[in-house]
């Protein structure tokens, strides 16, 4: 009984304080205001300020009462507390930016500071003040000014300036200006930019800051040191809209009077800088012409010398404001991911890199390195030393089958470290009372833990280990933000318990003993009014306080920033008022809780950070109030005190890996070859190995007794020495236990993103060219197919084995996951709309329990929302095209064409629709073999009788025309053809003439502009059984094509010999072909074995398209103009691949050089500024590279062990300086697959200086493709090319900068044969025997408005040619009337009788009157015709009474003189002719015909039109165009006498009299000795 009484008494004693606590109600004071969203606190005071509308209000009693600040005039845009003088200083900025207000006494008085007037209008960014941490009188005022100019948004096309200028945006010019003051703002001086601003720079940036950024700064600098970054930016009007930036980073110590530039950054573009406590960090942009290029990080501790930090990945989208330093001096970089402008979450953090304590080697958070990409957040409470909480939210969004019913779900994982990131654990939920409310077993921490995302970088209010957060509990496989709840921790985040079932805003006070929380949604407790909850026992129990109004909480905060006070501000708003938002500001006061009792010593306990372990060589503890103590600490304005005790012995936790080492999977520091190359350890020794300690003590660690660290011998074999370019090459190796079976880059300049699929069906993504590779989380599904959108370069689609489709539109940074229609996957590719990114067609199988089931058939499903929803579009469709989006002038933009194969039939039909087959369905062809689209054409293969094919072409989707193939004796049935490509108005097609497997070949054809009329370009062009053809157009250059022909095609067709291939090249789009000229000597300086002058017997031959392992490995690159690699040999024909060498050309194929004796793989970088070769089919540890366009080659060892390189690649535009090698190495127990990223960026001294208008500069000159280049396609062209090998080009569309020097006169090379004509051995176009020219009147049917047509001359001008004048081989005949248009034709070419008769009669009357007047006044009056013979010039006997008489007499005398001379001339001529005839008859006795002394090209061209007269069936046979000179010498005895040289030449010459060649150049160059015609391959 006594015991029970004692228990009851004890219970009562404990209960009474709790009852008192429950009875306690905080003091709540409400203030109603308009448009007030931010409240600021002065440190260690009761004063608060806020901006209300455009004025400033202040409270001196922790927010209970407010008053307007009277000393501030005008409209205020924003206010802020001075971060270095938080106790008493605040700044208010005026709307116009010309002045601001400062208080130095917590708002009691305000001083107006007037800024210098620049004479320019201030921008909305206005001005703001930066203060100094040590001197209150030091100010930097940063202002932005913009000129009052209209923004021109016109997007007119380039006018086509000769030098390829890019248009500069005409936008408002804005300028940053910085003003400095050292007298508290009484006077300012401008720190002027040291960059000269030109008229094309719309933006000028000046960013200055004090070198000291904290009161405990470790940087070696004076108090007056100021760092300034000046930038001028201008924009290039190209497809990337890239800004061009020039910059200077300077230091001033005399307030801008003198500026000292940092030498290390003189030739670099400084993107930004950040001054920290111990470091200055500078970011330099890798490419000044691409603001999305990767950046380098430079670190300095003394503001004089900078070192480049090692980055494990490319830094492209850093958040410069989010570069900071932790307590250990480590630099933390937050990397944002680039997003489109339409996305709301643009700029969110995607990766976090943390340096070592020296700031020179960065690495990602370890457990995120091999995870998928996503949003990453790092929370480091400064008052909890060593604590880091990281959250990863992968960018894979999942939607349900219908897309929206269940909302957006995502995966996430959160981990915590209390030892500076050395070890990480899950956020454990230890809450037995609420265990049943979770969907997983909270005792299984690895699979059931707290996941959160919304921590800020630093905790705002210090507490003794008491933290709150919102999140969910699970295994990370499902994360729905709508299911968030609120949790609390009392041990610094290691363990958590549930506080509320809903998410809340929260704030803590009294070092965590008072907590206030308010739900985001007022309806959480089923009543419409808002409420807040508070706890006085560190979250153990909660009490509700009901508010009378429904508000949307904006912020809840402790009025003392150091967390020592017990007063709070709750700021919320309501939208109930029509005139704007109304704010409700609640002041909440807990200072009298527990009957105003203050805690005593026995109310406190020790709380140890990191569970009492050593952190940074120190054990930390905090004295905090016991949870159930009935008191408040009440040490207002005192900072939370942290007690530390140095640890006696140092452990491995106090060390980090030395620069040359990295941690392996077990946590051991092991040597890294790439880091060894970057360091200087091997520069200090001549030995093969050097001892290096793998561990170094963390900078700032306070442990007392260092650990003994043994050195490790590092191999220096193959490590480049300091001072060599090879020293600057950076290689990153990745090893895998699987093979990469597929890879493809996204074709953008934003970054070097690529997607890879391994042999297990797993997807991997890299955004830095393979340097870092991360796995894509497909939720357990095997990836069975990958499709890239050919029209939108950032989009790709991954097909999962369980019916999911994963789509990305940002190069793999994020994925949207949707379910495919409930149909069997057939493996058919997607078909995309060329103008709508989210519209595509998917093909699935219906009734396909078995793929062989007779009911199984394909169905085309349409999506317009990127795959969220699909609708069934057409049954039995196996291939569709969005035809309306492909044509330049479509008949209907919504037209879709589909190939349909019915279940019961083997035939296929082509149908079209303009409403996705809802109501409109039109059958275009009843029976087809297939169809495809290329270059604005759709070509349909239709079966014909006798197993032949016919092709039909359309350019609008409605009208189809049969493609007319040329008649040729070697073409039998049209059984197979391959569309090669379509560009600039013509289709190239290969028509098979021999289809015996292994012996395939055919003819190369080219169409006219509408794709309907084809002519033969070359015979016996090689193809393989799969239809691939040895045909390649050289990228970036007009009209250059390489093909391989079967030289022994007749015997191959007869099955007597195997194929013998020869390589041919054309420089005028197939009109003329030649064999490749071989180099005179090989790569070793030796002559080649074959030395025949005939190219038919000795030329260069290259392996072509049909033998490639990867069809992307082309000879040429669109960005490296004129350059080509190829594997081949010099000889009579092509040898087997293994017996060949590697050849290279820089002039588009005119001349070649052997660069390697064996087959090599090649790749272009930096627009050809860096060339890389690697041996093919043999193990190697080295690559060869050239920076002088192949003139010299250097070898570089990229790995320690030899590997078999499977492929070498880079970005599709070949503009990067980094290459990716895929290799396979033999290891113990098998082989391992490896990738090597080789970065050449640092071997160049600088970036080339480029004028964005395309003008020549010191580093770029215009030059022809080769010294022998003359006219090509009717014009002479020069290309802008780099001249200095020591600089790199970067992201400049260099291939687009060219200029035409002039248009040339037309020559034979500007023409090709017309339809039904063929090119004879002599170079002329002749009509095919037995055929007539194409019916020219057909054009009248295609164009009903025409009234006339012209007959073909046998030639047609090459579409690419711009020649003017000269030879007119395509000159049309006389016009003929179109059928049915005879009347219009006559009207066009006849003249009306009435007007003509009037004019004719009028002229006759005038002539008659004039003649009569002259006769009457000049002849009859002077004696008539009888005296006509007596008149002499100057005769005075004529009658002249006035001026009229004198004029008439002069006319008569002049006429007499003219007629008398004509008579004399006729008489003299008659005599000479008789004399000449006599001599000619004498010579006919000894000669058989006339001869010419010298017939030069000019004379020939003068007669060209005459030679072409007649239009006979041989197309005005010009005899031949063989390789002969244009001047013809004759024998001495044939030289005529002087008289003979005047022999009249009036007859038209016969074909035997025409010269044998037309020169290759134009008329202006005919006298040059090297002006010769191309050789003919059949001579």
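Backbone N, Cα and C atoms are what each Cβ position is placed from, and that goes for glycine too.
These features come from Swiss-Prot:
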type	residues	note
CARBOHYD	96	N-linked glycosylation site
CARBOHYD	170	N-linked glycosylation site
CARBOHYD	447	N-linked glycosylation site
CARBOHYD	793	N-linked glycosylation site
CARBOHYD	1010	N-linked glycosylation site
CARBOHYD	1303	N-linked glycosylation site
REGION	1533-1579	region 'Disordered'
REPEAT	416-425	repeat 'BNR 4'
REPEAT	487-497	repeat 'BNR 5'
REPEAT	764-774	repeat 'BNR 7'
REPEAT	861-871	repeat 'BNR 8'
REPEAT	1143-1152	repeat 'BNR 9'
TOPO_DOM	22-1393	topological domain 'Lumenal'
TOPO_DOM	1415-1579	topological domain 'Cytoplasmic'
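Positions of the features from Swiss-Prot, shown on the structure.
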residue : record                      : DSSP class
96      : N-linked glycosylation site : coil
447     : N-linked glycosylation site : coil
793     : N-linked glycosylation site : coil
1303    : N-linked glycosylation site : strand
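Here the CA atom of residue 96 (N-linked glycosylation site) lies 44 Å from the CA atom of residue 793 (N-linked glycosylation site). Counting only the Cα atoms, the space from residue 1303 (N-linked glycosylation site) to residue 96 (N-linked glycosylation site) is about 57 angstrom. Residue counts for the repeat 'BNR 4' (416-425) under DSSP, split into helix (H, G, I), strand (E, B) and coil, are 0 helix, 3 strand, 7 coil.
Model confidence over the topological domain 'Lumenal' (22-1393) is summarised by a mean pLDDT of 85. Outside the repeat 'BNR 8' (861-871), and at least 6 residues removed from its termini, the chain residues within Cβ reach (under 8 Å) are 399, 402-404, 797, 805, 807, 809, 816, 818, 820-821, 823, 836-844, 916. Across the structure, residue 447 (N-linked glycosylation site) and residue 96 (N-linked glycosylation site) place their CA atoms 56 angstrom apart. By the criterion of other Cβ atoms within 10 Å of the residue's own Cβ, the least surrounded of the glycosylation sites 96, 793, 1303 is 96.
Note: the repeat 'BNR 5' (487-497) comprises 0 helix, 6 strand, 5 coil (DSSP; helix = H, G, I, strand = E, B).
Broken down with DSSP, the repeat 'BNR 9' (1143-1152) shows 0 helix, 3 strand, 7 coil.
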